[in-house]
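Here is what TrEMBL records for this protein:
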COMPBIAS  66-91  compositional bias 'Basic residues'
DOMAIN    6-64  domain 'Tudor'
REGION    58-95  region 'Disordered'
TRANSMEM  188-208  transmembrane segment
TRANSMEM  228-250  transmembrane segment
TRANSMEM  271-289  transmembrane segment
TRANSMEM  301-321  transmembrane segment
TRANSMEM  428-452  transmembrane segment
TRANSMEM  458-477  transmembrane segment
TRANSMEM  498-519  transmembrane segment
TRANSMEM  531-557  transmembrane segment
Amino acid sequence: MKMPTVKYQRGDMVMGRWPGSNLYYEVKVLGLDAKSQLYTVIYKDGTELELKEQDIKSAAGFQSRSRSRSRSPSRRRSRSRSPARTTRRSSSRTAAAVAAAAITESAPSSRRDAKLKDSVEVRLSPLKSEAVAEAVPEKNQGRYNLRRRKDDGDFKSVEAKVEQLEEKEAKLAAATPPSTPLDFGGKIGAYFWLLFLPAWVLFLLLQVNLEDPSLANFPPPLPPLEAFWDVQALGFVILWILFQAVLYILPVGKLSEGMPLRSGERLKYRTNGFFAIVVSSVAVAAAMHKGFDLTYIHSHFLQLTAASFIISILLSTYLYVRSHYAAPEQLALGGSSGNVVYDFFKGHELNPRIKNFDLKFFCEMRPGLIGWCLINFAMALAEMKHQGLNAPSHSMILVNLFQLLYVVDGLWNEEAILTTMDLMHDGFGFMLAFGDLVWVPFTYTLQAYYLVSWPNPLSLPALGAIVTLKLVGFYIFRKSNSEKNAFRRNPSDTRLSHLRNIPTATGKSLLVSGWWGVVRHPNYLGDLLMALAWSLPCGFSHLLPWYYMIYFIILLVHRDSRDMSECRRKYGSAWDEYCRTVRYRIIPRVY
């Protein structure tokens, strides 16, 4: 049998493409895996990766191509600059243009400066190479100096041409960020979710009001259209959002730095969420003292939901329109498909701000999250009213306390959300606007809403078991998240020195010990245990109050797949090594 030919031999110095980018760096071939047909190569910084043959090119090919462009026969003469001007203008401008083009790629951030120097000739576009060819570099004492020739004519015209082309390439590179795989079913999926999500929320709310809230009742009877609209309900929702906005902008609490953006910038966020929920509680108590009946929320739940939906649509439209005036580096990679519906759904701009008011961060943590607790409390009062009780049932108390603890913990550790996928990668569009203002406050409260009409008595053993389950889940959730956030912000922290990690070519490291050495997502495991504790107080008479548990499993499985794709793209072979080290994804001994 004839063995396949090996194009590159062990020890060959070649040009290897960095995964997920168009950058080529000089690498050394270490060998070829005959089974996978992947070459193992090592970069100058010691990073080892496996590359396909089509991602490797001979160094001679690059050199000859560079020479052929620079010595174009159409060029009759070369013009250059003095050594002093070269150092100040040509080198800095060329490096700046290359850096602007490279910053939108997945190049290793920790060593980007060093590698950009090696990749200048590779990244130059053919268009710019033609202009640069008019200034011929001559190597002198380890530096490239550009000397004027005797036949030098109007040098300024060439300089202007180079400047224009460099500026054009930098803008083009920034305006066309690297494409990422489309989520949620792509463009067709965006149409589906835009229709399905509001319809599903409506279906749940109509079901819970039926005498028999069974999911088999499909379709549920629709009320008349006027039942969805109430001006007073819209006014209350707007007032609540404005009240939370005022609390957000008050100069109270810590100014926290977000994670570095593609441009290297780190935005600042006012993390005073715990202050906001405390003041909101005082304001609600004062309103009740003045005679406001909080059970209005239960009796007008459908109208309040419809009002929040209208606001989320208006907000999403505003976000999409304003994204077209945002700088290219401010756009989200995942929301730049070019399809109007998909980008509207996913979010075109990453961090839309009105001066220092961050719209995404505000909506993520304030009106919907604190509103979730307010609605739960209103449902407890409604249960007492409808069931003729002097105090809420044990089931209602558990649901209120469990979910209040979850929200308060999130607001107390508000800074931790700055390292999440929503804040770091997802643009702000309909998906997050609808999720923050409608999905969270009006579906996460479904258990409390269900218990108003369907109370479920609990025995003391059952009560103790549910509380224990909640505390175990909360402990895993909080400890693992704290460990992750501390490591992301300062990997060299001495308190984390006992943790083992795998370094990656991006400069970041992957934890393989502590909670993150048990499963890849210990925070998801804690979340699932807490979700189970939220559903158990409602009993097993109907499937409807278990909706959150079912939805959350689907959500985490989908998010896990997104994490896997994103991490494999970013970390390459380091991620494969991590997966071999930490075998289980969410729950041990399941996968």
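Note that Cβ sites are derived from N, Cα and C of the backbone, with glycine treated the same way.
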Worksheet item: Taking the transmembrane segment (188-208) as reference, which of 271-289, 458-477, 531-557 has the most Cβ pairs under 8 angstroms?
Response: 531-557
Discussion item. Counting a contact as 3 or more Cβ pairs under 8 Å, with residues at least 6 apart in sequence, do the transmembrane segment (531-557) and the transmembrane segment (271-289) touch?
Written reply: no
Worksheet, complete the sentence: With the cut-off at Cβ under 8 Å and a gap of six or more residues from its ends, the chain residues touching the transmembrane segment (301-321) are 198, 201-202, 205, 223, 227-230, 233-234, 236-238, 241, 340, 343-344, 347-349, 352, 359, 363, 428-430, 433-434, 436-438, 441-442, 449
